[in-house]
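First up is the structure itself, then whatever we jot down about it.
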Amino acid sequence: MNNKILEQLEFNKVKELLLPYLKTEQSQEELLELEPMTEAPKIEKSFNEISDMEQIFVEHHSFGIVSLSSISESLKRLELSTDLNIQELLAIKKVLQSSSDMIHFYSDLDNVSFQSLDRLFENLEQFPNLQGSFQAINDGGFLEHFASPELERIRRQLTNSERRVRQILQDMLKEKAELLSENLIASRSGRSVLPVKNTYRNRISGVVHDISSSGSTVYIEPRAVVTLNEEITQLRADERHEEGRILHAFSDLLRPHVATIRNNAWILGHLDFVRAKYLFMSDNKATIPKISNDSTLALINVRHPLLSNPVANDLHFDHDLTAIVITGPNTGGKTIMLKTLGLAQLMGQSGLPVLADKGSKIAVFNNIFADIGDEQSIEQSLSTFSSHMTHIVSILNEADHNSLVLFDELGAGTDPQEGASLAMAILEHLRLSHIKTMATTHYPELKAYGIETNFVENASMEFDAETLSPTYRFMQGVPGRSNAFEIASRLGLAPFIVKQAKQMTDSDSDVNRIIEQLEAQTLETRRRLDHIKEVEQENLKFNRAVKKLYNEFSHERDKELEKIYQEAQEIVDMALNESDTILKKLNDKSQLKPHEIIDAKAQIKKLAPQVDLSKNKVLNKAKKIKAARAPRIGDDIIVTSYGQRGTLTSQLKDGRWEAQVGIIKMTLTQDEFSLVRVQEEQKVKNKQINVVKKADGSGPRARLDLRGKRYEEAMQELDHFIDQALLNNMGQVDIIHGIGTGVIREGVTKYLRRNKHVKHFAYAPQNAGGSGATIVTLG
């Protein structure tokens, strides 16, 4: 498609409307390169992607993608065997992480049926080994200490040396305060110094590094810290060297995967671009138009995208219709209507939503040509008419039946009679060539051409004779008429002059009356359509109100049922507590054996009313929690014993997992790590008690995990667990309750305090869960 039409219709300004929605530099580059397409399947694919994104937002109400810098230049540098700096590696790390997040997001899209985006999601690849290694680069672009043992050693030594220097200088600040111009430790050339008064410079032995501009202060590095500062300088050099070595190693890790990473980055950027199109469509009440296969155009309530308060209009350009001629006076909005059609076509053929209502339809043109406004060439010293005619000649030479042609004020700039004749001849040529054309003109002769010629239709812009102002409403099928007499009368021209003028134009009076009648019919039709639309809007509002009331009612009902359930549970808990008290008294009196107490307690539990809530749909819906999923390669984890973050890289045959933690590979069982994502931690726990054999052979240990449980559910499981532990003669058990809000932990503590079979309990050691777990000794 020719680029001139993009400039004439200011298509770049339309593209700029999408910029605020973009988060990645890749999508910004894609927007910059966006141009109209001439192949219907490609346009359809773009529209399908927007429809898919709409389905995602309906299901999830969001589509999370982080800001990503362009990594194209960094990938080129890798291909040239150049090492990347820390910021470039951080940008690639974010792409790898975003790719992994997007793959997990796609796997959770259960109720979305895709037409196009599924292929993009499925082409994303994960790099668990790379992600694990890249944990050594934090989000601030800093290499963590654990990036290598050598780096950790250097930084630890550097910290110690700096602390010693600081301590020595702080002691000197106190001892030599009267010799100093300021009570602070300064830095010159990367070395710690003291600001000494020039008059006392000989009182402190050391190296002078700087003198203040006034000469009153000398910055001295005391001899006591010279050696330490030299060590620090050397350690910093060693640190830079080690960091360079690590960055080189990271660059080498990336090189074999450049093509795949580049593809991932493009997919993420394109998904961001599709997201931006959807948000633009949603915010501007735009639509995805249908694509006609017979050059039919139908734009319903179409608006100009660059105007702040555009008037919506309907435009129908049927297959058989070749030309629409908009007649009438200037300043009525004819040119705006012309540009609105052109921009709607450009946006649609570029795969963008069109500012129109559902049901709109675009055609696919190989080219769109326009002669709009005064494009007079000063260099060529051409008149307005010559400039227009030169452009029109060029259009007529290039346009074919797959083109759309837009003419503004066709035939203007010359003798009206000759200009009108030229305009009709040009339109006739285009009509016979089956080239769709929309033209504006103020020549009345073209009204007759539109009425008398097949496949040509008149149109006009509505004018309010009462306010003497245009309404900018497009009236298709109604030719424009002059409002000169009405305007002149309202502005105070003598009635006899207006009457005389009318008598001079009697030959046109019949035509004007017909036009007036057509206008009246069009206005009445529009009034009825507006009324129908108002009724439709009222119906929509009513439906929304009914849905809102229903949702509020359902919410209140669920709350009441939950409240009733909690009250019932409290009654049961009270009864069980009373039973514990009774059993305690019995045991104190009769010294019953533990298993006899458990049997008695079971009998008392049977006395509580067993209400079957499993079939209660409301409670099931309220309590439904997404089933736990197994870990998978690429998941981010926290190693429980160390608190370090890592990434799962592979699963061994025996069920254990290999994980990359910094630059260290670890082999872990599934209970030695937890998934990072909070929403994946809230899973329904298996009520089975796992007995773990201790390595020292001190006997069996049982562990109960209460994390993620409701309070009452946790207390019931704890009670049952202690009973079973007593029956199995277990001496010690572990209760994992987590830290969280502390409610479960407090409940566990209270229960253990009042249970006479608990000999001792305390929080676990720090390396075994700390205050998130309690070790219980039974007896």
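In case you wondered, yes, glycine gets a Cβ from its N, Cα and C as well.
Predicted, not measured: the structure shown is a model, and the values here were computed from it.
Features of the protein shown, as given by Swiss-Prot:
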BINDING   G328, P329, N330, T331, G332, G333, K334, T335  ATP binding site
DOMAIN    704-779  domain 'Smr'
- Item | The one of G328, P329, G333 whose CB sees the fewest other CB atoms within 10 Å, among these binding-site residues | P329
- May I have the DSSP-based helix, strand and coil counts for the residues of the domain 'Smr' (704-779)? 35 helix, 19 strand, 22 coil
- Can you name the residues of this chain that are 6 or more positions from K334 (ATP binding site) yet have a C-beta less than 8 Å from its C-beta? I326, G328, D408, T440, M461
- Query: For the binding-site residues G332, T335, which one has the sparsest Cβ surroundings, going by other Cβ atoms within 10 Å?
  - Reply: T335
- Task: Calculate the per-residue pLDDT averaged over the domain 'Smr' (704-779) and state the result as an integer.
- Result: 84
